[in-house]
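Asker: Quick one: the structure is below, and I'll ask about it shortly.
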Amino acid sequence: MDPSDQKHFAVVDYVVFAVLLAASMGIGLYYALSGGRQRTTQEFLMADRNMRCLPVSLSLIASFQSAVAIIGVPAEIYAHGTQYWFIGCAYLLGLFIPAHVFIPVFYRLRVTSAYQYLELRFSRAVRICGTLTFICQMVIYMGICVYTPAFALNAVTGFELWVSVLATGLVCTLYTTIGGLKAVIWTDVFQTVVMFAGQLVVIVVGVQKTGGVSEVWRKVWEGNRISGLDLNPDPTERHTFWTLGVGGVFLMLSLYGVNQTQVQRYLSARTEKEAVRSCYMAFPSLQLALALSCVMGLVMFARYCGENHSDKLGTAAGDAMVLYFVMDMLQGLPGLPGLFVACLFSAALSTISSAFNSLATVTMEDLIKPHFPAMTEARAILLSKALAMSYGLLCVAMAYFTHLMGDSVLQMALKIFGMIGGPILGLFSLGMFFPWANSTGAVAGLGAGLSVSFWVSIGTILNRSSGSSSLPALICSPRSFYMLIASLCSFSRPSGLKRFYSLSYMWYSAFNCFTVILIGLIVSFLTGRRDVTPGTVYPLLGKLLCFLPERLKKKLCCVTPLGQASYCLSLEERMSEFLAVMQLEQKKRTFSKKEVKFCI
């Protein structure tokens, strides 16, 4: 029986799927009614800064291990082989640098939003520019995250696509709005377990039905899907060790170093050590998630040998092959199709809820509170919840535009992070590593980075639409191999500006990051330096230039203390500190009311 004809869940599948949604809602309801009941912005947005490293680390994984990765990575491996697996090399530096550079700076400043750092380091204008850029990035990305699992549910069950989109967005919006960051993190933990379980079930059943591990290995080896180490330095090559292992580091830094979604999790940890430990604990779990997705793609290839059955699901998208494979493997096994769709929705809900909470945080802390400093706590928490709900509805609307794009969901997501996340990474790097950079240079650098980013992306789209057709995929037959050789012989490399537009999307983050830094430093040099707030610069240059005399290093402004400064304390902490000083001073002399009023 053709699996595409089996387009309806069994009752057990619906039960499994419903249990997932009910559990997610239950966790949100529990945290809405327990503890402080989300009555303060500190609890709603920062989980009272009281989380342990294990739930934080699993939440770090779930925040970006979305349905995009669960569907996109197997489709990538199926079509192009295991070269993408080398992005795992980037995870090491991509988590080590945030653990020892970004986390200490953010945590010791006691900020709520990562973009508060930009105001401390530069100015309020830079903070607002950074916040608006982040909001734009996450709203676009959320459109992809909402659409992907809804598309899967439609393909597997025949359930109406846009009803699925609304269900995904509304469930996620509700538990994020009522439960705050604690609900988001603990729901992430539950959904990560479901996500791994769903992938593992599909792999085990797929290997069994394909003939065992040895048969899978034989077919993927003969089908040339096991990629070696490609050291080609050409930056226009889509995937090589350099594009994935080096370009991927900058992509990881834009996600795990300066993205508010992840920074918010670091800052919710009890101590700085717990935050650093959570970053390290995320590494093996990320490698496991990548391995499961890649192995799933190999089992798919062993099953179909490169054939494309996505048209049987009524779509030409290559990502639909993953859904066809799941339907083929799991049909006749009640409950397991429901488990895989629950796996997709778990990944999607965890990513979407994380984004909703972080978007509400930056909007509240960076755009609203500075203009309304006297806002009461009750009104602030109500407004934060309204913002989370509003962003939920906006991201549902953005899902409509996702199906109009031509790329795979994985490539679309990584392009967004490179195009917009790269300039944001450059902005933070400019402030954190270059003490002589000023706010004028920061704004100019960010503007230049975003302009170049969109110029390249538009050029890429136009170049692709006027270019030649894509090469045929390798399949398990000699004839297809000879067709590929013939295509390669007739394929001409682009030159000039077209070659620039052919830059691999994995280099977008690095290219845009360095554009921001270069333009920012040049403009800062022309407009003059300003004083640097203590604790906002990581002494990277001081460590790299350790061979220079201390006097020369100070002249180059390479030595900056990284301790916790008093200006970053909360209002309550400042008042406590002030009263303690007053008590000491009263022993020496008596203050008049006028003097006390003046001191306050």
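Please read every residue number as a count from 1 along the shown chain.
Cβ coordinates are placed from backbone N, Cα and C, and glycine is handled just like the others.
Caution: TrEMBL annotation is automatic and unverified by curators.
Per TrEMBL, the features are:
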type     : residues : note
TRANSMEM : 12-33    : transmembrane segment
TRANSMEM : 53-73    : transmembrane segment
TRANSMEM : 85-107   : transmembrane segment
TRANSMEM : 128-153  : transmembrane segment
TRANSMEM : 159-178  : transmembrane segment
TRANSMEM : 185-207  : transmembrane segment
TRANSMEM : 239-258  : transmembrane segment
TRANSMEM : 339-360  : transmembrane segment
TRANSMEM : 380-401  : transmembrane segment
TRANSMEM : 413-436  : transmembrane segment
TRANSMEM : 442-462  : transmembrane segment
TRANSMEM : 505-526  : transmembrane segment
Asker: With contact taken as 3 or more Cβ pairs under 8 angstroms (pairs 6 or more apart in sequence), are the transmembrane segment (413-436) and the transmembrane segment (442-462) in contact?
Answerer: yes
Asker: Where, among 12-33, 239-258, 442-462, 505-526, do we find the most CB pairs under 8 A to the transmembrane segment (128-153)?
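Answerer: Answer is 442-462, with the largest number of Cβ pairs below 8 Å.
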Asker: Do any residues of this chain, six or more beyond the ends of the transmembrane segment (239-258), have a C-beta under 8 angstroms from a C-beta of it, and if so which?
Answerer: 60, 64, 80, 83-84, 86-87, 89-91, 93-95, 97-98, 101-102, 114, 229-233, 279, 282, 414, 417-418, 421-422, 424-425, 428, 504, 506-510, 513
